[in-house]
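Encoded as structure tokens, the structure appears first; notes follow it.
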């Protein structure tokens, strides 16, 4: 039984989203009385957000679904500086053109998950609209004077960097002030009272809450989620081939489906609560399955999460591809594909190089370990020799199946 009265916080609580809330009773009362506006900020450091961001996007979904105003804030301005939180070194500087390209890619992801038209439409905002127009001296006088350097140095994200004797540039130090200012500006423009984010953003979010108080503004609230980890303690967000992006051009719907299908048994119930929209009683039933039956729950988890991010049709196609590949042993045209020029195949492609090209390993060293461990197969035949070369003769009708373990498969095709 949740301790919260508002639908929004009750849903988050029951599904395991809440790590910290700055004033839980106050926020709950406000959300119970009427409609509130909340936001999450996303810096444009890549052309897509990744699976580690999905928990915060899902919070925006539940905010909208329970009748409140959801804002997705694109960090067009803050991306010019870069968030230093828990980083070992300063981020590389992005050009305005790179940032805009990244924002365009991120916006496509959000369009699949939130509703930006119709009743109670979500709002997408870019903080470049106000940050890029600020007068620096006026900003220091009106906003900067409310920030304590001593307090900013006490934040874990900063202390970790300084304790390692790694420099923190003045540019990066300004990021915390800019993010705090975003909160007050969104309150002024849209009546925003809630900022949400991961637990690593707590200090930055609280800066905005405190800034509003010091500037004589209204009470604002902070809410953060737990660090997203697997039952093994491993941080989520990576696959064998790299980051699990939410943009289908970077990480295909099939690969995304497979990522969730490979969930550890102990994580199934928790991930169903956080990442799907299934009723809690149905989730409890699925999480209670044991033995081989838990695999059915994993397939449902994979299909539901893929449907949310990529659409129901893509999810069902990914599931059908998996069924064709694993249950019928056939080659499915919708598997991820790597194309090799005929000239390259005529000369022979080393198996280690091919495993890397196919995205099944990040380096030749990792590919070598997979071969040594008996995990690599070509056309369902184990590969035991790391010196093996693959030629056109291995590609019946111009196609072969390269596999890593039982669940990851890539088609190797001859390029036209």
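Cβ atoms are placed via backbone N, Cα and C, with glycine included.
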Among 24-33, 34-43, 44-53, TrEMBL lists motif ''HIGH' region' at 44-53
Range annotated motif ''KMSKS' region' in TrEMBL (choices 230-234, 235-239, 240-244) is 235-239
So, in DSSP terms, is residue 175 (L-tyrosine binding site) helix, strand, or coil? helix
When neighbour density is defined as the number of other C-beta atoms within 10 angstroms of a residue's C-beta, which of the binding-site residues 39, 175, 179 has the lowest density? 175
Cβ contacts under 8 Å made by the motif ''HIGH' region' (44-53) with residues that lie 6+ beyond its boundaries: 74-76, 79, 82, 91, 94, 99-106, 109, 198, 228, 235-237, 243-247, 249-250, 259
DSSP helix, strand and coil counts for the motif ''HIGH' region' (44-53)? 3 helix, 1 strand, 6 coil
Kindly report the helix/strand/coil residue split of the domain 'Tyrosine--tRNA ligase SYY-like C-terminal' (341-412) according to DSSP, in that order. 25 helix, 21 strand, 26 coil
DSSP three-state call for residue 39 (L-tyrosine binding site): helix, strand or coil? strand
